[in-house]
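Undergrad: Let me begin by handing over the structure; questions about it come next.
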Amino acid sequence: MIIRSPEPEVKIVVDRDPIKTSFEAWARPGHFSRTIAKGPDTTTWIWNLHADAHDFDSHTSDLEEISRKVFSAHFGQLSIIFLWLSGMYFHGARFSNYEAWLSDPTHIRPSAQVVWPIVGQEILNGDVGGGFRGIQITSGFFQIWRASGITSELQLYCTAIGALVFAALMLFAGWFHYHKAAPKLAWFQDVESMLNHHLAGLLGLGSLSWAGHQIHVSLPINQFLDAGVDPKEIPLPHEFILNRDLLAQLYPSFAEGATPFFTLNWSKYAEFLTFRGGLDPITGGLWLSDIAHHHLAIAILFLIAGHMYRTNWGIGHGLKDILEAHKGPFTGQGHKGLYEILTTSWHAQLALNLAMLGSLTIVVAHHMYSMPPYPYLATDYGTQLSLFTHHMWIGGFLIVGAAAHAAIFMVRDYDPTTRYNDLLDRVLRHRDAIISHLNWACIFLGFHSFGLYIHNDTMSALGRPQDMFSDTAIQLQPIFAQWVQNTHALAPVATAPGATTGTSLAWGGGELVAVGGKVALLPIPLGTADFLVHHIHAFTIHVTVLILLKGVLFARSSRLIPDKANLGFRFPCDGPGRGGTCQVSAWDHVFLGLFWMYNSISVVIFHFSWKMQSDVWGSISDQGVVTHITGGNFAQSSITINGWLRDFLWAQASQVIQSYGSSLSAYGLFFLGAHFVWAFSLMFLFSGRGYWQELIESIVWAHNKLKVAPATQPRALSIVQGRAVGVTHYLLGGIATTWAFFLARIIAVG
């Protein structure tokens, strides 16, 4: 038994009026840095200003002040998010065909952007059905609005105004908690209280209120919409909330109120809290009653979780105790010291959060198509493709960000004198073994995955199809993936006796779901083609991890540069006279990691786009015959590199290349322009700084001759600045090219 002295009561502490509100600093660019505040001598000044403006660590070493700045900045971020959301809702209210779409979501396509005729751009306003002309949107907002029970554009206006009010409130909060009542450091470090409030408040009460909204507002309104009732005839949300009889007409058990809850007769509520599984055949989305049930269950879990941590009352878990008890037989001190790291280094904390949030975002991408949550989402192929692509990119960026901040933690916040024989120290001590093994795995995966394709290209070129790896010749079936699919398809009767259908139709087993003559989802077959491309996924992901992990583990020191920590997070080379030491900073690893992240995600979204068009998406005839968009060509075409180039990139680019003169022509222009942005990046990535400095000198000479030379000396970009500009344009150009290619294609054929 552990006997503890009574814990001191947690006091909520703030400093009153710590920093005077003043706009004077705004008039002094770079006021946060003594060097930058002096003003520009050379053009490098503007780059340093942007690089350091939000690097709060470089402004002060006072952790409390840094914490307050970060906290305040978060409110600013939330304000921008509310402003953006308000804009989305305002467009839905002012420029959209939402009410028309609501009346016929299978034939009318969503649009919430109408182009003004200035020099002929009105060609972009395509006919989306129902007599409306505008740009087809693929964000999924219409589907979310229908699911949440919004039936008129007036409601969208009101929500837009509400979001503006919240944006203003967030701006105020950011000012208030920095200038008027700024929390002390102890408040930011009180993890138990933070966990309780975030778990019970944000996630618990948040889910509970959403479940309440879904039960009292969404479910009845969607019942009426599904039955074909005119949206204008449906009672308004507050009528359902205030008038129980209205709900009781749809769900008789509502008449009994909360009695079944308190008498533990919960099965009464099974009318609107269901456990069906599968998709609603009318809308092609998950059953709304399943979703409400899910949020209620999640709310209860998080409300319990939000009461688990020890604060003012001496009961519950302490994070420090949990971490320090975390010792294995082979892990030395285990997690001892991790608590101190995570409460004093916000970079370490952020790295963990970004890694988890990035992984979660990628999980979301995969669930949006396999378990489409909103009505009429599954048959809106443009939106499905956009949501998958968007969440994959975001997840990739967040994971690279995790490595970036882990490396910054290693350089700025890691104290090797206090860390001995804990898990982090042990990982660092055998980093050579980790990195060399990971490198071997990358080489193995690269040669073998690519080698299978090269073999197929060669056999195909030599006219020997019988010697190729394919479903019709030498089969390489993904037996483990098929086993996972099959296990889940059989679950409803076996391991999940309460469920009537599997979690996702993609597992197999069920009949396909079609809405309005279009396939929503069907069992997705996996074969040799998927086996091949999945090993390319394994390869690209492992290389990305290799680069990023090497950057973190060698951020402070390496055999090549033992004193790397003294050089900082980003530096070009280890000074003159030391050749071969460029591109070794932790920043450079993030820079290189971004390119491989881009490789990884590109292959994933290409695979998804082609696989869905080939094997899932398509139309269904009255006789039940399914015609897929690309007629099932994935299995035979994607097993060679040539097939990817010819039958995916080239064949499916025809829509964007031929879009001129049509309502899709903006995508054609973006396709061209984004290629240009991408190519522009190469000028920065393949350039020598000296080349540009020489050029600048002669241009300055000409300006001096004409007596028009500026006072600020022009300088070529530093090596790091050039790389930053290069990778930004590379990713921006590449992503925008893909976006134009995907959307022109899927809007034309989907």
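The backbone N, Cα and C atoms fix where each Cβ goes, glycine too.
Below are the features I grabbed from Swiss-Prot:
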- Cys573, Cys582: [4Fe-4S] cluster binding site (BINDING)
- His675: chlorophyll a' binding site (BINDING)
- Met683, Tyr691: chlorophyll a binding site (BINDING)
- Trp692: phylloquinone binding site (BINDING)
- 70-93: transmembrane segment (TRANSMEM)
- 156-179: transmembrane segment (TRANSMEM)
- 195-219: transmembrane segment (TRANSMEM)
- 291-309: transmembrane segment (TRANSMEM)
- 346-369: transmembrane segment (TRANSMEM)
- 385-411: transmembrane segment (TRANSMEM)
- 433-455: transmembrane segment (TRANSMEM)
- 531-549: transmembrane segment (TRANSMEM)
- 589-610: transmembrane segment (TRANSMEM)
- 664-686: transmembrane segment (TRANSMEM)
- 724-744: transmembrane segment (TRANSMEM)
Undergrad: Is it true that the transmembrane segment (589-610) and the transmembrane segment (724-744) have 3 or more Cβ pairs under 8 Å, skipping pairs fewer than 6 apart in sequence?
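TA: Answer yes: the transmembrane segment (589-610) meets the transmembrane segment (724-744) with 3 or more Cβ pairs below 8 Å.
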Undergrad: For Tyr691, Trp692, listed as binding-site residues, tell me which one has the smallest number of other Cβ atoms within 10 Å.
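TA: Among the binding-site residues Tyr691, Trp692, the lowest count of other Cβ atoms within 10 Å belongs to Tyr691.
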Undergrad: Just name the most isolated of the binding-site residues Cys573, Met683, going by other Cβ atoms within 10 Å of its Cβ.
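TA: Comparing Cβ neighbour counts within 10 Å for the binding-site residues Cys573, Met683 gives Met683.
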Undergrad: Are the transmembrane segment (385-411) and the transmembrane segment (346-369) near each other by the rule of at least 3 C-beta pairs under 8 angstroms (pairs 6 or more apart)?
TA: yes
Undergrad: Against which stretches of its own chain does the transmembrane segment (664-686) lie, if we need a Cβ under 8 Å and a gap of at least six residues from its ends?
TA: 123-124, 126, 135, 655-658, 717, 722-723, 725-730, 732-737, 739-741, 743-744, 747-748
Undergrad: Would you kindly list the residues that approach the transmembrane segment (724-744) from elsewhere in its chain, counting only those six or more residues past its ends and only Cβ-Cβ distances under 8 Å?
TA: 138, 382, 385-386, 389, 393, 591, 594-595, 598, 602, 605, 609, 652-653, 655-656, 659, 664, 667-668, 670-671, 673-685, 717
Undergrad: Which ones in the same chain are close to Cys582 ([4Fe-4S] cluster binding site), with CB under 8 Å and 6+ residues apart in sequence?
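TA: For Cys582 ([4Fe-4S] cluster binding site), the qualifying residues are Pro572, Cys573, Ile719.
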Undergrad: Grab the same-chain neighbours of the transmembrane segment (531-549) for me: Cβ-Cβ under 8 Å, and only residues 6 or more beyond its ends, written as numbers and ranges.
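TA: Non-local partners: 399-400, 403, 434-435, 438-439, 441-442, 445-446, 448-450, 452-453, 469, 476-478, 481, 589-590, 592-593, 596-597, 599-600, 603-604, 607, 638-639.
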Undergrad: If you measure Tyr691 (chlorophyll a binding site) to His675 (chlorophyll a' binding site) at Cα, how many Å is it?
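TA: Approximately 25 Å lies between the Cα of Tyr691 (chlorophyll a binding site) and that of His675 (chlorophyll a' binding site).
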Undergrad: Would you mind listing the long-range same-chain contacts of the transmembrane segment (195-219), meaning Cβ under 8 Å and 6+ residues beyond its ends?
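TA: Sequence-remote neighbours of the transmembrane segment (195-219) are 147-149, 237, 240-241, 247, 250-251, 272-273, 288-289, 291-292, 295-296, 298-300, 302-303, 305-309, 311, 319.
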Undergrad: Return only the integer: C-alpha distance in Å from Trp692 (phylloquinone binding site) to Met683 (chlorophyll a binding site).
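TA: Cα to Cα, Trp692 (phylloquinone binding site) and Met683 (chlorophyll a binding site) are separated by 11 Å.
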Undergrad: In whole Å, note down how far the CA of His675 (chlorophyll a' binding site) lies from the CA of Met683 (chlorophyll a binding site).
TA: 13
Undergrad: Specify the secondary structure state of the residue listed as 'phylloquinone binding site' as given by DSSP, simplified to three classes.
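TA: It is helical.
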Undergrad: Which residues, sitting 6 or more apart from His675 (chlorophyll a' binding site) on the same chain, put a CB under 8 Å from its CB?
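TA: Residues satisfying the criterion: Gly733, Thr737.
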Undergrad: Per DSSP, to which secondary structure element type does His675 (chlorophyll a' binding site) belong, with helix, strand and coil as the options?
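TA: DSSP call for His675 (chlorophyll a' binding site): helix.
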Undergrad: Sequence-remote contacts (6 or more beyond its ends) of the transmembrane segment (433-455), Cβ cut-off under 8 Å?
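TA: Contacts with the transmembrane segment (433-455): 427, 468-469, 476, 532, 535-536, 538-539, 542-543, 545-546, 549-550, 553-554, 639-641.
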